[in-house]
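For reference, the structure is listed below as structure tokens.
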Amino acid sequence: MFRLPLQCVLWGCLLSSVHPEPPTACREKQYLINSQCCSLCQPGWKLVNDCTEVTETECLPCGKGEFLDTWNRETHCHQHKYCDPNLGLRVQQEGTSVTDNICVCKEGRHCTSKACESCVLYHSCSPGFGVKQIATGVSDTICEPCPVGFFSNVSSAFEKCRPWTRCETKGLAEQQAGTDKTDAVCGPQNRLRLLVVIPIMLGILFAILLVLVFIKKVDRKPQDKAPCTKQIPQEIDDLPGPNPTPPVQETLHGCQPVAQEDGKESRISVQERQ
């Protein structure tokens, strides 16, 4: 009864040794083909023939301008990338049999995508704006407006805003303040003083002239002058008579003496008597 199972086991072992079971997985850097684990071609080499039971995998190196950068079973190598100068590209690093060409943009340009298949010119910051961040091979220029005290008078993709000139540090005077597009204008100190002193002197002279004109007009106005009288003493003769003649007042016209004719009596107006 026990012979039959034992015979089956023996026959199974015999068959498995004559016809081994094909492998289901291969080691690292191998590939499975035709129930065989064949070695992969090393980087920089391409596959020519798969391995057999009696031969190893056959590989050949990539030609000039070609590369393969991994262990592979590729039958063709990859072509190096072409850095087209018409698209603004240039070769930064030549490729080898295991590396590709590295393309970058020419000076003053940046890539339009991560793959960097073409380039465009940097954006320039216009006057009144300065460069906050200079463009790189993969990013464009970032501009910012010039703050107070700084200016930019050119369109540039590299220049930042520059500070206004400090005239006092050069022994000069500021004649015109700067703007976001222009620098401060400096000049000699003497000129600035003249610009200040001359208007002041002209103002003083004008005021003096006005005073003189006013005084002259006041002098020309007619003045009401009271008649001047002058007491003229006269000697009284010790002549006999009932009524001696009193002293005669000489009336002055405009403070000038007026002669009285002989034989005429001096008369005093009624108002003066009152």
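Each residue's number is its place along the chain shown, starting with 1.
A Cβ is built for glycine as well, from the same backbone N, Cα and C atoms used for every other residue.
Fair warning: this is a prediction, and the values are worked out from it, not measured in the lab.
Per Swiss-Prot, the feature signal peptide maps to 1-20.
Among residues of the same chain six or more beyond the repeat 'TNFR-Cys 1' (25-60), those with a C-beta under 8 A of the stretch's C-beta atoms are 67-77, 96-98. Look at Swiss-Prot and you will find 25-60 tagged as repeat 'TNFR-Cys 1'.
Packing around Cys26 (disulfide bond) is summarised by its Cβ count: 15 other Cβ atoms lie within 10 angstroms of its Cβ, all protein chains included. What Swiss-Prot lists as disulfide bond is Cys26-Cys37 (among others), and the listing cites sequence analysis.
According to Swiss-Prot, the disulfide bond annotation covers Cys38-Cys51 (among others), on the basis of sequence analysis. Under the DSSP three-state reduction, Cys51 (disulfide bond) is assigned to coil, being neither helix nor strand.
Per Swiss-Prot, disulfide bond is recorded for Cys41-Cys59 (among others). Its own atom aside, the Cβ of Cys59 (disulfide bond) has 19 Cβ atoms within 10 angstroms in the protein chains shown.
The repeat 'TNFR-Cys 2' annotation in Swiss-Prot covers 61-103. Remote same-chain partners of the repeat 'TNFR-Cys 2' (61-103), defined as residues 6 or more beyond its termini with a Cβ less than 8 Å from a stretch Cβ, comprise 29, 31, 38, 40-48, 50, 109, 116-121.
Long-range Cβ proximity for Cys62 (disulfide bond), meaning a same-chain Cβ under 8 A and a gap of 6 or more residues, is found for Gly44, Trp45, Lys46, Leu68, Cys77, Ser97. Annotation comment: Swiss-Prot describes Cys62-Cys77 (among others) as disulfide bond.
Summarising the annotation, Swiss-Prot assigns disulfide bond to Cys83-Cys103 (among others) and lists sequence analysis as the type of evidence. According to DSSP, Cys83 (disulfide bond) is assigned to coil rather than to any helix or strand.
Swiss-Prot lists Cys105-Cys119 (among others) with the feature disulfide bond, giving sequence analysis as the kind of evidence. Cys119 (disulfide bond) counts 22 other C-beta atoms within 10 Å of its own C-beta, drawing on all protein chains shown.
As annotated by Swiss-Prot, disulfide bond applies to Cys111-Cys116 (among others). Note on Cys116 (disulfide bond): other Cβ atoms within 10 Å of its Cβ, all shown chains, come to 20.
The annotation disulfide bond is assigned in Swiss-Prot to Cys125-Cys143 (among others). Taking a C-beta cut-off of under 8 Å and a sequence gap of six or more, Cys143 (disulfide bond) has these contacts in its own chain: His123, Cys125, Ser126, Phe129, Gly130, Val131, Lys132.
Marked as repeat 'TNFR-Cys 4' by Swiss-Prot: 145-187. Within the chain, the repeat 'TNFR-Cys 4' (145-187) has long-range Cβ neighbours (under 8 A, six or more residues past its boundaries) at 108, 122-132, 134-135.
For the topological domain 'Cytoplasmic' (216-274), the model's pLDDT averages out at 53. The topological domain 'Cytoplasmic' annotation in Swiss-Prot covers 216-274 and is backed by sequence analysis.
Taken from Swiss-Prot, the feature region 'Disordered' applies to 224-274.
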From Cys26, Cys37, Cys41, Cys59, Cys103, the disulfide-bonded residues whose CA lies within 10 Å of that of Cys116 (disulfide bond): Cys103
Fewest other Cβ within 10 angstroms of its own Cβ, chosen from the disulfide-bonded residues Cys38, Cys125: Cys38
In sequence order, the disulfide-bonded residues (Cys37, Cys38, Cys41, Cys59, Cys83, Cys111) whose C-alpha falls within 10 A of Cys105 (disulfide bond): Cys83, Cys111
